[in-house]
Structures are given as C-alpha cells and as structure tokens.
Amino acid sequence: MAADGERSPLLSEAGDGGAGGNGLAGPGGSATGPGGGLTPSAPPYGAGKHAPPQAFPPFPEGHPAVLPGEDPPPYSPLTSPDSGSAPMITCRVCQSPINVEGKMHQHVVKCGVCNEATPIKNAPPGKKYVRCPCNCLLICKVTSQRIACPRPYCKRIINLGPVHPGPLSPEPQPMGVRVICGHCKNTFLWTEFTDRTLARCPHCRKVSSIGRRYPRKRCICCFLLGLLLAVTATGLAFGTWKPAQQYGGIYAAWAFVILLAVLCLGRALYWGCMKVSHPVQNFS
C-alpha cells in the first residue's frame, strides 16, 4: 500500500489534467471519469521528452570581404618568414644571388653559378682588388702598377697605371723596367737588378737574357775553356799514345778530358743561341 501511495501523485497529476482528479486507472491503462467515459492516463507522445536545444543565435552581419564592384586585393604569395632573413649579395660576374650567411668573416665569397670570387669586405690595409678580363679576382698592393694573372690559360699582364701614394704610405713604388720578350714579343716588368740578367717571361714561361752583355761573356768564357780542354786532350793523347797501349787507365783520362771539352763547348753554344729581350725604357 505504501508503494501505491508513492505512485498516486504521479497518476493523479496525469489524471487531473483530463478527469478532475477522481478517476482510477483501468486494466487497459485508461482511467474512468465521472461521466463513465474512458480517458487516457498516459501523457501525449512527446510530452515527457526534453525540449530540443535551441540553435545558436545568428552571427551579426558585417561588411563583406569584397564589396560589389570592387577589385579583389592584389595576390601576394605566402613565403616563409625566414626566407628573407638570410643576407644575400649579387655576383659581380654573372649577377646571380649569393647567400653569405655564415661567411661574413671572409673577405670574398665564391659564386655557385660561375665559380668566380666576389668581395664582400674591403681589401686589407695596403691591398686592393683587381679583376682580370678572364674574371679572375686578384688582390695586390695599392702601389702595384702591373700584375700578372696566375691562371695558366691566361697569364695576362694587367697595367694598373701610375699610382701616387700618399705621404704617409710606408710602401715605396716598385722599380723596374719594361722588357719585350725575345720569344713571344710580349711586354713584361723586370725588377731583378743583379749581375744575372736572366728573366722568365710570365706569358710564355721561357728564359731570355736582358741585353746581350751577360750571355756574350758567358759564351766567350765557356768557349775558351772548352778550347783549352780540347787542346789538352789532344796533347794528352799524342803524348801518352805508347804508354796507353800498356796501361789501360790512360784511356779513361783521355775520355774524361774530352768529355769536359765537349760540355764546355756545348755550354758556349747554349749561351750563344740564347734569345735576348730588349728593354723599352731606362731603369726608373
């Protein structure tokens, strides 16, 4: 009975809505009202369910991104924020960009396209940069007037013109003489003022003599020495002809003297046939 009392308020509330609160539940799930009619005791379908959640309120209408009749904004490609942070320079030869990140401590960097050097810093004190027509970057003294390209296929002499150093410059202007090579007829600078007037041309890499005095003197000395040895060998041969037949070691002495005479005469021929390079101006 206690259980029926606990359930009664629920039934009475459902019945009060349709029969005034005095009806009883029948076996078919219906309650009998005062007038004898059957009234449904169960609530209508959907009455016991929770109400569906309401939708979110609509967003307030704002201005459109592009107004009618207005051009869209210009296109800008998305780039990485680090793409423009790396320091770049332009190659002085092929105009290609060169990334110098991590190379700022160097004076020059090498281009990855043309493999030529491009300076990124000023030259060291007392030096300057010079670019050869073959695109080779050279570094030389600020007082240099002529330099030679070190590349084997170039070997070009670059005339830098007169340089007037300041009064505080500790490096004197190089002294020398312009010489026309006796082999290739090119002009180069000769700066070795010694008794040996032999010079190697930077163009053809051949040795020649500056003037005729040095090779002529060497030729005369070698010729006279060779002539003296030849006369000595002849006299030795005639003087020791009979003893040489008994002692075979005398033939070795003949051969040694004759060999010295041939070497001296050959050296005299070398100096006599040496090419001569002529200077085009006096020593400065």
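Don't overthink the numbers, they just go from 1 along the chain as shown.
Cβ atoms here come from the backbone N, Cα and C positions, even for glycine.
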Open item on the list: motif 'CX5R motif' per Swiss-Prot: which of the ranges 119-125, 140-146, 182-188, 203-209 is that?
Closed with: 140-146
- [ ] Measure from the Cβ of CYS140 (active site) and count the other Cβ atoms within 10 Å, all protein chains considered.
- [x] 18
- [ ] Would you kindly list the residues that approach the transmembrane segment (246-266) from elsewhere in its chain, counting only those six or more residues past its ends and only Cβ-Cβ distances under 8 Å?
- [x] 222-223, 225-227, 229-230, 232-233, 236-237, 240
Open item on the list: Mean pLDDT across the motif 'CX5R motif' (140-146), rounded to an integer, is what?
Closed with: 88
